[in-house]
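*Asks:* Taken from Swiss-Prot, the feature Fe cation binding site covers HIS429, ASP431, HIS500. Residues or ranges marked as 2-oxoglutarate binding site in Swiss-Prot (evidence: sequence analysis): LYS510. Feature annotation from Swiss-Prot assigns domain 'Fe2OG dioxygenase' to 411-519. According to Swiss-Prot, the feature N-linked glycosylation site maps to ASN113, ASN259. Summarising the annotation, Swiss-Prot assigns region 'Disordered' to 258-277. For 205-238, the entry in Swiss-Prot reads repeat 'TPR'. As annotated by Swiss-Prot, signal peptide applies to 1-17, with the evidence given as similarity to another entry.
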Amino acid sequence: MIWYILVVGILLPQSLAHPGFFTSIGQMTDLIHTEKDLVTSLKDYIKAEEDKLEQIKKWAEKLDRLTSTATKDPEGFVGHPVNAFKLMKRLNTEWSELENLVLKDMSDGFISNLTIQRQYFPNDEDQVGAAKALLRLQDTYNLDTDTISKGDLPGVKHKSFLTVEDCFELGKVAYTEADYYHTELWMEQALRQLDEGEVSTVDKVSVLDYLSYAVYQQGDLDKALLLTKKLLELDPEHQRANGNLKYFEYIMAKEKDANKSSSDDQSDQKTTLKKKGAAVDYLPERQKYEMLCRGEGIKMTPRRQKKLFCRYHDGNRNPKFILAPAKQEDEWDKPRIIRFHDIISDAEIEVVKDLAKPRLRRATISNPITGDLETVHYRISKSAWLSGYENPVVSRINMRIQDLTGLDVSTAEELQVANYGVGGQYEPHFDFARKDEPDAFKELGTGNRIATWLFYMSDVLAGGATVFPEVGASVWPKKGTAVFWYNLFASGEGDYSTRHAACPVLVGNKWVSNKWLHERGQEFRRPCTLSELE
């Protein structure tokens, strides 16, 4: 039994240690306070060590003066009975005390605090996740490595630089993922900073080793050979580089012979070798998505823009909004996307965030085949669910959604609160279940998701837009506003133009909350039409 308790005591902290910090900026802020506490503890340790050294220094200076005098006339010195007594006392007692002082470990307090805090530290998954986020932001927002390394990002308050070690680490993360495109970019950045004279524990040989292989994997044999020769100039005995040099020369000689025999083979070979650039899975939708995230989307024609209006909305003469109607703005026409301004107060936002923070967990998606909830690489955020009955503010927010949309919220899902992490995003997806996903919301028994209501609970310094790649719409976060759209036509058929995504957060902290309203209860609130696509 005692052994069982010990094992649980040892293992339990480890289970709590890795909440996936990189998926939530909100939770990452806790790490700042943790590190500040450790710095304070470290300074206390340094002060204790300095006090200890000061005592030893004073002792040494006193003995230096004493022994200098004694060695000039040893017999005369010890001939004095007091000096003889004090010599015996020093060597028998005081030197032992000094020994204890020297051996005294002043680090106990710091080590104890560090051990306690370490169980809440990020792990390898967090570090790799944050690195991948930087690579994702680099692609989405067309940032070059030098811009990121110098910290020249839009809207930043706290500029931060990447060292050679940082660039090298990013390159290694990409290398581990077989992402040789980003490996090359970041190893070249590391090499550039070394050439500029930056002092680093990473040497050029290590950088060139990764760089030459990454270039080779992308089909540029000439450059790979050149980099390998450069490496061997620095380290002629490098075994892998010597092996690679022979292999690259062999491949190039073989290609040269093949090119002589067939011009067709030559053109085929060029096609095969030149693969540098975007990843294989870089689909046209991805390109549209990234363009929209950068604000380079399709511009609506003036004729269509004239049909978009701002208005005061009273919720179809709802008593709550007759005297103080909501401010409504058309963001897009098809699908119709409406933004409500000043629809949630700062005080309400703080209550919702405070309720959600302790419950934040890595956001999941429903597997279209199994129906199971699972985490995925393309959704980087943490979420929590809030019920209306647990707090009057949540209940009031739910009723506000019902009053303004005219839809019944009693069959809606709970309010989902999400906080996005480093480069936090949710790639293109549908909110509704398609015909090949009949079991997606079966357990709820409330039909499909008829509409989406999305609150923006923070401003975002850069990035973080909600985009609709099918139609070219971009909706930018603005604290205190909300956007609303129907996922289904009145017929119950899914509106595929509502496929949308949350762009990566480039700079800042993004908080949102959303309400998914379902079909049940809307039969008379939004009756079916005769047309399938209306």
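A Cβ is built for glycine as well, from the same backbone N, Cα and C atoms used for every other residue.
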*Asks:* Tell me, how many other CB atoms lie within 10 A of the CB of ASN259 (N-linked glycosylation site), whichever protein chain they belong to?
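*Replies:* Other Cβ atoms found within 10 Å: 14.
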*Asks:* Can you give me the Cα-Cα distance between the residue listed as '2-oxoglutarate binding site' and ASN259 (N-linked glycosylation site) in Å, rounded to a whole number?
*Replies:* 55
*Asks:* Along the domain 'Fe2OG dioxygenase' (411-519), what average pLDDT does this model show?
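*Replies:* Mean model confidence (pLDDT) across the domain 'Fe2OG dioxygenase' (411-519) is 92.
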*Asks:* Using a 10 angstroms cut-off on Cβ to Cβ distances, just flag whichever of HIS429, HIS500, LYS510 is the loneliest among these binding-site residues.
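*Replies:* Relative to the other binding-site residues in HIS429, HIS500, LYS510, HIS429 has the fewest Cβ atoms within 10 Å.
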*Asks:* For ASN259 (N-linked glycosylation site) and ASP431 (Fe cation binding site), determine the Cα separation and express it in whole Å.
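*Replies:* Cα-Cα distance, ASN259 (N-linked glycosylation site) to ASP431 (Fe cation binding site): 53 Å.
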*Asks:* Determine how many residues of the repeat 'TPR' (205-238) DSSP places in helix, in strand and in coil.
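*Replies:* Counting residues per DSSP class in the repeat 'TPR' (205-238), I get 27 helix, 0 strand, 7 coil.
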*Asks:* About how far apart, in whole Å, are the alpha carbons (Cα) of ASN113 (N-linked glycosylation site) and HIS500 (Fe cation binding site)?
*Replies:* 46
*Asks:* If you run the three-state DSSP split on ASN259 (N-linked glycosylation site), which class comes out?
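*Replies:* Assignment for ASN259 (N-linked glycosylation site) reads helix.
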*Asks:* Secondary structure at ASN113 (N-linked glycosylation site) (DSSP, helix/strand/coil)?
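*Replies:* Where ASN113 (N-linked glycosylation site) sits, the three-state DSSP reduction gives helix.
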*Asks:* Quick check: which same-chain residues outside HIS429, ASP431, HIS500 lie with their CB within 8 A of the centre of the Fe cation site CB atoms?
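*Replies:* Everything else in range on the chain: TYR426, PRO428, PHE430, THR452, ASN487, THR498, ARG499, ALA501.
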*Asks:* When DSSP is mapped onto helix/strand/coil, what comes out for HIS500 (Fe cation binding site)?
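*Replies:* Where HIS500 (Fe cation binding site) sits, the three-state DSSP reduction gives strand.
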*Asks:* Indicate whether HIS429 (Fe cation binding site) is helix, strand or coil by DSSP.
*Replies:* strand
*Asks:* Does anything in the same chain, at least 6 positions from ASP431 (Fe cation binding site), have a Cβ under 8 Å from its Cβ, and if so what?
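*Replies:* Listed in sequence order, they are ARG449, THR452, ASN487, THR498, HIS500, TRP516.
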